[in-house]
Amino acid sequence: RKNTKRVPSFRKLLRTSQIKIDNKLKNKQYKQKSAAKKYRKEQKKLREAVRDAISRKPFPLEEHKKKQVGGKWEEKEEEDALPLDMMDEDDLKLMEDLAQKASFLTRDLSSNEPVHIKKRKRESVIEKYEKVPRRLQTEPEKELIHLLPIKDKSGIIPQAVEKPVLDVAHDEEEDTEEVEEAEDFNEEPMPILTPEEMAAQRRQKLQERKMHIAVLASAILSEPDGNMKKLKELRAMLMEQDPNVAVIVRKLVMVSLMEIFKDIAPSYKIRPLTEAEKATKVKKETQKLREFEEGLVSQYKFYLENLEQTIKDWKQRKLKKSNVISLKAYKGLAEVAVKCLCELLVALPHFNFHNNIIVLIVPLMNDPSKMISELCVEAVKKLFKQDKLGYASLGVVKVISGLVKGRNYNVRPEVLKVFLHLRIKEVELQKDSEDIAPKKKFMTYKEKRKNLSRMQRKWKKAEEKLERELLEAEASESKEKKLKLHTETLNIVFVTYFRILKKAQKSPLLPAVLEGLAKFAHLINVEFFDDLLIVLHSLIASGDLSYRESLHCILSAFHILSGQGDVLNIDPMKFYTHLYKTLFSLHAGGTNEDIGIVLQCLDVMFAKRRKQVSQQRALAFLKRLSILALHVLPNSSVGILATNRVFMQTFPKMDLLLDNESQGSGVYLPELDEPEHCNAQNTALWELRLLQRHYHPIVQKLASHLIAGAPTEGSGALPLDLSQRSATELFETYCMKGMTFNPPVASVTPRRKDTFSQMDSFVDEELKKQLQEHISETHKPLDFAKHLKESSLA
């Protein structure tokens, strides 16, 4: 019957649900899988049958038991066999007829096929193998390689070949013998070198490597876009395997690649191309530039990964399998790698993978090795100082904040002190925006009249007007972006500071935090002022702080109050009292350097808040500072006397202390730590008389100037180089860190030198004259007659 099944129409297909279509597809796939599975099973059975037919031998058929009767063997009849007399005659006749046919003997009785069925052309391979006589498995099973079968008249004959079994042990012995013979043949006795020859050989190898590095580097710098292969070759030298020169060669290659990347890296960040950009056709120059940028980024990435792996190997004390470089040499390699990373951090803040370099460098700021830590800290300071926009600074600040929090505030104070070098000030923001704003030079009116026609001048005027508007918009946009970045950076800095103030008040990071708050206090939001001042006062009152930390607390508090904190109604008398108490903790020893912090505090507390300071408080500080000037080094004395000069010029009636007569009741109490109640008006500045005879000339000048009443004009006035400098500048100018006298001592005048030489010559002549007279007297001839006469008279 012809298949009349109709193909479903498009309308019917539309009505068919998606679930039904999915089910049909699944059924189709299931049928295909089941058919393939069935075919694989059949093939597996066939292979197993072939393997069994060859290797196994069936049990022999059971023989009929015979018994011997009268010397003859007779077969024992089976007990189950039916006697012939029990069969019908018709059945017996049928059996006899069938026995005469050959097909009855050869036919498989287990099959249900009729006798007259045609013989199949293709017999089953399994049945053929079943008819093959089998043998017992006396030999080990051999693996066969099945070949293509052969077809003849009788059917398909499978073909197989035994896989030759090799004597593995014997072959291995032969191979080792051959290798040993080859080694014996190739090995030549190495010449024994003396130490001088080995050193000369090493110098020669090192010179060859240096020349090769120089040739590659010069070729790359001369034409970077056409020598990417040479850059790759130079980078491959980072894996130098010669143990004699490996360390030096790797160091040289690291530094060479660092300088090359600093020179050939563009001034922009290279981004990966999109699929659409790759598919579009471009000019040959553009395609060449793309290939150069892609190769440069990939080589730069591999170089940074190699530097990172060098540092990790040194940190983990991990020795490579090649054993080319010892563990001791890894430290030198790691130091060079860190130096290269620091240079790239500062030189290429705009290029790719800069954030990856930051993530590598910032944890090394807290490294136990002092050298590596200082290298990383200095690199971050340089980056902060030269970063005008703020992108790189923001990335570094984020990583430092995460490091401090992740280490549970157990980091070096130098890690936080780098925040002090951030360029976040209102003046610098304005200056940076002017520096970065593009400067366009427009044509003058005379140039337009000379070179352009009337219509061209009209178009030029409109064009310049549009360009000016665009430049103004760009400058304002960059300034807004910069302010936004700086705001985000400061927020992270203050979050780090406040965390330490809240959770780690006894941490060694507290001085760095207080110093940072003192610098950025004018940028803190007014909402935090009350809470911050309470925290600072509680820290001072706790007594757990050192004098230096308490000075930073005081400086931070007054920076807050001198800026936006003027609107707050807060009396800082407790901070004045604590500073007055702390002054006598300073001396000419190790605390002399902290006089600079005291001078900053006094400038903020008195010069900038003169209207809120009483006369008694100013007099008390003036007297105590004069006492302190006797106990510190000359540069500190200069700074303190300069501050006293500001006191006498700023506050009225300070000249009371230059008079011996007391003004009021009471006696001055120098041991009292309350500046308002120590009766400082009843004393005098007798310390100035001692300072006037100080060995330092600047101290003498300042003391004489204060004794005269600190005049601005006249004979008692200071020279301009001293009067126009602040106390902090004078303190730093006359510092004696180099263990030299500052200013240097004047040399002896030549006139005085000639006088001494004349005196020496006069003394020498007198001594010679006396010596000659003495010799002449001792060598005179003796007059015996005169001598006897004198002796007889005596």
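Backbone N, Cα and C atoms are what each Cβ position is placed from, and that goes for glycine too.
Quantities reported herein were computed from a predicted structural model and do not represent experimental measurements.
In TrEMBL, the region 'Disordered' annotation falls on 28-47 of the listed ranges 28-47, 108-127.
When pLDDT values are averaged over the domain 'CCAAT-binding factor' (550-703), the model yields 87. Residue counts for the compositional bias 'Basic residues' (28-44) under DSSP (helix as H, G, I; strand as E, B; rest coil) come to 17 helix, 0 strand, 0 coil.
DSSP labels the residues of the domain 'Nucleolar complex-associated protein 3 N-terminal' (209-303) in these numbers: 73 helix, 0 strand, 22 coil.
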